């Protein structure tokens with residue numbers, strides 16, 4: 001990739017605009033183009049965001065067209081219909097997979113040869129679809145996966161134990177949705193297994209923590225209509241890792257090819273990411289219960305994915 005860091009955002013709704021604002025505040029990227037079906041909104045947002053630039057570092061922000069994707073390092077997609085109260089993320093697939101195909105076709109027609117970062121839900125399925133539609137190498141098509149779920153997980157444990165969330169290490173794996181699960185066998189706090197921090201009679205509290213993490217989006221949607229700050233921050237973190245060639249380990253929706261006993265699926269797992277995309281997938285030694293949970297999550301996604309792709313074929 002060139003030294004000049006160029007990001008194109010497709011989808012200027014609540015998630016997209018929050019992500020753009022995060023990138024400005026965190027000094028991520030040097031050029032930031034915004035695409036949306038509502039052109040006036042992108043013009044207004046570009047103006048508004050540019051007024052925040054003097055408080056950060058220099059950055060060119062503008063209302064973009066798909067032709068501007070041709071030399072982008074990263075295209076971030078947050079477009080799609082939103083999850084409504086009572087809907088699961090998987091319920092969105094029929095509406096959003098067609099939208100995604102239209103977006104990917106337009107981006108690829110520009111000559112784009114960078115990295116796709118997908119946040120639209122259901123993210124695991126739409127990331128797989130983007131890989132298929134684009135023809136890009138699997139390493140350069142990435143989904144936000146369980147990055148937000150993992151952040152919620154670490155924060156909830158930290159609140160319970162009254163420690164800094166940055167000292168909690170553990171991952172939510174699987175679908176970014178109802179079949180996700182915590183890898184308790186690899187969760188540590190300050191270098192010690194989580195079991196060293198809790199008594200046997202506190203296991204119920206840990207189970208409650210996970211349920212609150214899994215269902216957090218539903219609660220937020222019921223109260224304010226949508227979630228956007230958390231996922232925007234997660235996208236900004238992933239963007240920073242890619243553009244700055246960090247080789248950071250982040251829980252993302254990545255393509256499994258034999259990893260965890262899975263094939264031909266995008267699903268949430270820790271991966272090393274840099275400016276080439278996914279460099280390596282971290283295959284954790286899960287216990288038997290976690291292996292079964294991973295299989296269940298993958299099976300659920302596969303069924304929905306197969307049905308969704310038939311609509312396009």
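Cβ from N, Cα, C; glycine included.
Per Swiss-Prot, the candidate among 15, 163, 168 that belongs to the NAD(+) site alongside 36, 41, 66, 119, 120, 121, 144 is 15.
Close to residue 218 (phosphotyrosine), meaning Cα to Cα within 10 A, are none of the binding-site residues out of 15, 36, 66, 144, 151, 169.
A coil conformation is recorded for residue 83 (substrate binding site) in the three-state DSSP classification, outside any helix or strand. Sorted by the number of other CB atoms within 10 A, the binding-site residues 119, 123, 151 start with 151, the lowest. One residue stands out among the binding-site residues 36, 149 for having the most other Cβ atoms within 10 Å of its Cβ: 149. Among the binding-site residues 121, 144, 227, the residue whose Cβ has the fewest other Cβ atoms within 10 Å is 227.
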